[in-house]
């Protein structure tokens, strides 16, 4: 039997879909799953008649692959990845390459790269975005590792990635754990996007009184605008058309429990931002919103005890309010992406990743969850100035916020007056106002620190560190 060009371990839905994508693009492959029943079911159904070979032991799996072997691992992050790597180590030869396509923590990837490098084996951490549909029809791929490792898989990843007007949605990210770092921040930005959209929905429903049909119309119209055209806005419009199929006749979205789950990448983004000193308040607000949503019973009890402001029904211009919410959403979105890109820029310096921020925006234009026309503007901003300190300083984004900030502020004020939480909208505006201020009140913070802890302070009128006798 001829040796296969590629190997894939892990046949959950993402693994199955990537296997089918790889085969459809002309590459033969062997698949393996820890449970033989899963492999048998895949071969009897979706892989039937395709150039895919099953293996029922890792020994047979490795023996079926041409050398140098290229093996994509699609298993749960953490211990399961380590277990697969440990099982593969004695079976592989120098020059073979393992690619982790899961949502692994970047520091785990850094460790695995070093461990396997000592054995002459390659290891790549590759972010894969796009969900089940993207895995099958073209995801956004973020491979990190050595340049040689990337070149070994480049023909395959370029073939299976989503294709946009300026090429496949994949690029060499950088060394070590950079691929998984970029995917982590991508997911953090995704958290921000989703929370901002949720807040816009809440405002339109709770203030303007829009029903599901009207909400569909608004989001569908927004999806046709250059600034908000995106996958997440598109699916939001679709969600409002879904009627419960259990006989209630109600919009399904209104019957879904308001307790959001999370798998950890948002929290990781927050943790690493704090570690390296980058402010990402919108993303932090999004993570906190999910945490607060999860304490449903506690919130229900609190709702019986803690009352908000008493307000009159909305009597303003409905369309004007809808337009203002759109402006607030877009301004907040700019700030959220500015935070994510600032985090990537700082991480690139700290970890020596050499990230190309414009290229990252390009590969997110297709296949991934945050794909949006707006990313073209981000790419153009970094192409025009690769050293751009913050997206807020790019001429187009600066002018957009200056033109729309009054509507943005008005929407947040209305939410506050009515007791409607808009943590991500508010955090975005606070970020903008803090970033544009020449002087912040942290001079008082420094005075306090020096008062109680003799931590010293710097002065505005002369250089050096100072300590005052406060008492």
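Each residue, glycine too, has its Cβ placed from N, Cα and C.
Here Swiss-Prot has 10, 11, 12, 13, 14, 15, 33, 34, 35, 75, 76, 77 binding NADP(+), and the candidate from 51, 103, 137 in that same listed site is 103. If you compare Cα positions, residue 290 (substrate binding site) sits closest to 190 out of the recorded positions 12, 33, 183, 190.
Of all the binding-site residues in the record (130, 186, 191), the one with the smallest CA separation from residue 14 (NADP(+) binding site) is 130. Residue 12 (NADP(+) binding site) is surrounded by 14 other CB atoms, counting those within 10 A of its CB over all protein chains shown. Each of the binding-site residues 33, 35, 103 was scored by the other Cβ atoms within 10 Å of its Cβ; the lowest score goes to 35. For residue 186 (substrate binding site), the nearest of the binding-site residues 10, 35, 76, 103 in terms of C-alpha separation is 103.
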